[in-house]
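Below is one structure, written out as structure tokens; comments come after it.
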Amino acid sequence: MTDRVRLYEIAREMGCDNREVLEVCEQLGIPFKSHSSTISPEQAELVRSKLSEPRVVKPTRPRLRPKLQPESSQPQPPVEAKASERPQHIVGIRRPAPAQQQAAAGEASSSKPSPQRPDQLSSEKGAAGGSLELIGPPRRQVDPPARPAAQEPQPAAASTRPEAAAKAGSPEPSPAPAAKRPTVLPPPRRAASGPEPPQRAPESRRPGLAEAPSPSGARTSPPVEEKVSLPQAEQRPRPQLVGAPVRPGTRPEPRSPVAKKEESSDSGKADEAPRPQRRLELVGPPTRPVAKPLPPEPDASPRLPEGIPEERPTPVLAEAPVRPAAPKLKRKTVEEEDEELQALERRAGRTQAKRKRSRRREEGDGDVLDLDPLTVLSSVKQAELNALKPLARPTAKPPSYRPPAAAARPRPAAERPQRPSASAEATAPEAAAESLPEEKVLLLEGSLTVQELARRLRVAETEIIKTLFFKGVRVTINQVLDESLAESVAKELGYEVRRPEAEPKAKKTEILDLEDIDHLVPRPPVVTIMGHVDHGKTTLLDAIRHTNVAQREAGGITQRIGAYHVDVDFEGQKRRIVFLDTPGHQAFTAMRARGARVTDIAVLVVAADDGVQPQTLEALSHARAAQVPIIVAINKIDKPGSQPERVKQQLAEHGLLPEEWGGDTPMVEVSALTRRNLDALLEMILLVADVAELQANPNRPARGTVIEAHLDKARGPVATLLVQNGTLRVGDTLVAGAVLGRVKAMMDDRGQRLQEAGPSSAVQLLGLEEVPAAGDEFQVYADEKEARRIAEERAEALRQARLQQALLSRRVSLGSISAKAQEGQLKELNLIIKTDVQGSAEAIQTALQDLPQEEVRLRVLLAAPGEITETDVDLAAASDAIILGFNTSFAPGARQAADDKGVDVREYDIIYNLLDDLRAAMEGLLEPEEVEEPLGQAEVRKVIPISRGAVAGSYVLSGKVQRNALVRVRRKGEVVYQGRLDSLKRFKDDVREVAAGFECGIGIEKFDAWQEGDLIEVYQMVTKRRTLAPA
């Protein structure tokens, strides 16, 4: 098959088109599929010989365009050009004319003399196939300058094939009278003609052009090349042909014979309109100087009456490749045509150079396109151009569209300089760091996000991310870094890290203003009872108040802060003391700190039999941070085994030296049960208060601190407030933290309603919109709008703090994430905490943070005071959470909802039990671990050979030996085998186990290299519940 020849190679060799080669193959009966098909050498020779003979050139090649010669005024022989051009035998019919007139038009066109074609060689093979056989080479570009005159199609020659129509359309050199029919002159350069011919020409040529494509292969070739100029007489009737559809989509219809177009001139016009190429060609005379084949214009006028009546002045475009030399397309509307005619008149007197410039300027105009005859575009490109021109009907659209596009381009260019500036914002901190001569010092106050750290270090976020990436930590811009990781990054970037001194939580706040100095009056002291758990704080307070609060407390421990008033007779006067009772459990650190912050005097209670304990030292640190005087009450001196002197010694070691030892710390030995020395304690409190000269201004809006708060199902949010300055009255508008409220009612610690509360008064307040946070400060405002604005600002700040806290839960550190957490095996336990008061919720959350969370992480979805409601149950069911109720109850329907949805609700009244159960639940989430449990040991005393190996005669040293248990054989301290014990016999009987002190035979299938003295360790693997690693 290597000697076979491809058809396109033959076409290239012969200098012809593939289509011509395919036609020859079809004529010779040579089978083929496409131009890439192969044929035998013999068949190739036949094709070459056939191609070398004169052949009919089909008008399907639109790309070959003979160039017009502006100088030639005489007819030129269209020998090859004629063949190359598609002879468009279209009889232009202005109006529906009878078939006889169409036939007459066809005869006139055929008999029409063409002075330009005397040299043409044309031979008519028949009426059906009247096509011209050109003897010249197949390439039609040989005679580009020769512009064939417009060929007139012969109706008789019209056939279904466009080739036959093209052949028949080519007029013979017979000198038929031109007056009978307006002949479409070849490319007549009628630029010299007056402005009138151009005006009429576009009108008359449009119908003719539109008709021309229909009869002969209009579809095969967009003959835009030739520009035919019609006589003025023919052009005048043309204005009637105005609205042929310009859409090029109708071009495929021209395949129909010429007779069909003659039958309906209107339909022909519609078909012709899609071919904007024809219209462009007809405008040629005014725009391009084309050689005039027929110099006498009067001849054209007599042609009309002789050959065709005025009703049918449609010029017959014999030559299919009529170039749209004057592509002055007449639009469908009459107004557009008038505008085009005016434009033609203005351009008629311009020079050739001006025409070229105007053509470039008017490319966007669909109306006029001036083409220079010397610059002839290819037929394909011209066809595409003409197809696009009619689509842009509004002449102003293209130009109006282009300027905005051009204007849009500079805009992005102008914006581009801004983008670098925007992107430079990321690197701006670096530049600022370089320009600032400040020291590279980072004040690290806690965990930071990557973005915040980059801003403080004045570097780009990408620099931080890159530095961490090299450390093996992948972070995002919003991820939170712990202090150690942020410190390492800062040091690597050359910064010195400093940490601010931690401000104590119990630091006392100043509530007096300068304007209060002139209105100060003495106020009662606020005394906070502090100490370790079970040292008798509440019992001591009950003994002072003559109450029994301690007996009503769950578990006998205080788990909430309380405020009480006590009236004492001192030096013949009634003196009031406000006591704050704080819990002693380690989880209630915040409560103790809050009590120390608002107190005036701290009473440190220490049990004489227990001495100084951790919470004693913590309370001491809070009191010192608040810089308040300390009074030590050594309690339980009546208890056997009490050692008050040892307690004083311990306190002295921590900086509290008793007054009797030469110190400045008052110490009173008391007994709450026997009420011993209680008066001495109260007297000491009042003496210290007098020394401190406690004062306040009662004639100002109240200010103070929220001691405790809770949600009451009947009364709503209830807050215990300590008024530290000013006077609080019913009806006042106040802001407590971020909560707005109006005082609806006030009650003291005994439940009596009050209308006002002065300085150092502890009251329960009703009327707040929400439950405030314990420890928040409150202030009364005269303007409610101002109060609401302040509350909203604080609420927004609180939301941001919560968001920061949520980010902290996703913080990244180098050592806090365990390997299992990195592998996605970190367990999570979701919790919903409901307590009686807000302080208890805070204490529980603080205690949860102390639990180890490297393998099981605790997520507190909600922690708030109040009852357990159905909403809480729904949240727990949706998030698979556990509800922890602390000293609270169920709302109506909540317990039933929890049972229906299977929500686990745990109720507690002692914080110890809550934390113990929570730790157990966390351990339950851990996967149990397998541990080795030893069973016994045996020593090999004798090796007994058997047929299948050897058996170890052993003596059980300790424990027991079980069959199928795991064994480890040690020889001189090294393990020589580890596997399973398969056979265990005592004498000749199989036994399940052998106890210590007995002999037995041990056999293992996969091991028989026993030696005397080997030690056999018997053990088993058991699963054991894991416990949380210490934090």
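Any Cβ shown, glycine's included, is placed from N, Cα and C.
Straight from Swiss-Prot, the features:
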{"type": "REGION", "residues": "33-369", "note": "region 'Disordered'"}
{"type": "COMPBIAS", "residues": "45-56", "note": "compositional bias 'Basic and acidic residues'"}
{"type": "COMPBIAS", "residues": "96-105", "note": "compositional bias 'Low complexity'"}
{"type": "COMPBIAS", "residues": "108-123", "note": "compositional bias 'Polar residues'"}
{"type": "COMPBIAS", "residues": "148-171", "note": "compositional bias 'Low complexity'"}
{"type": "COMPBIAS", "residues": "184-200", "note": "compositional bias 'Pro residues'"}
{"type": "COMPBIAS", "residues": "250-281", "note": "compositional bias 'Basic and acidic residues'"}
{"type": "COMPBIAS", "residues": "286-299", "note": "compositional bias 'Pro residues'"}
{"type": "REGION", "residues": "388-436", "note": "region 'Disordered'"}
{"type": "COMPBIAS", "residues": "419-435", "note": "compositional bias 'Low complexity'"}
{"type": "DOMAIN", "residues": "522-695", "note": "domain 'tr-type G'"}
{"type": "BINDING", "residues": "531-538, 581-585, 635-638", "note": "GTP binding site"}
{"type": "REGION", "residues": "531-538", "note": "region 'G1'"}
{"type": "REGION", "residues": "556-560", "note": "region 'G2'"}
{"type": "REGION", "residues": "581-584", "note": "region 'G3'"}
{"type": "REGION", "residues": "635-638", "note": "region 'G4'"}
| How do the residues of the region 'G1' (531-538) split into helix, strand and coil according to DSSP? | 2 helix, 1 strand, 5 coil
| request: Report the mean pLDDT of the predicted model across the region 'G3' (581-584), rounded to a whole number. | output: 70
| task | Name the secondary structure element type, per DSSP in three states, that contains Thr582 (GTP binding site). | result | coil
| remark: Students should find that the Cβ of Lys537 (GTP binding site) has, within 10 Å, a number of other Cβ atoms equal to 29
| said: Please count the residues of the region 'G4' (635-638) that DSSP assigns to helix (H, G, I), strand (E, B) and coil. | reply: 0 helix, 1 strand, 3 coil
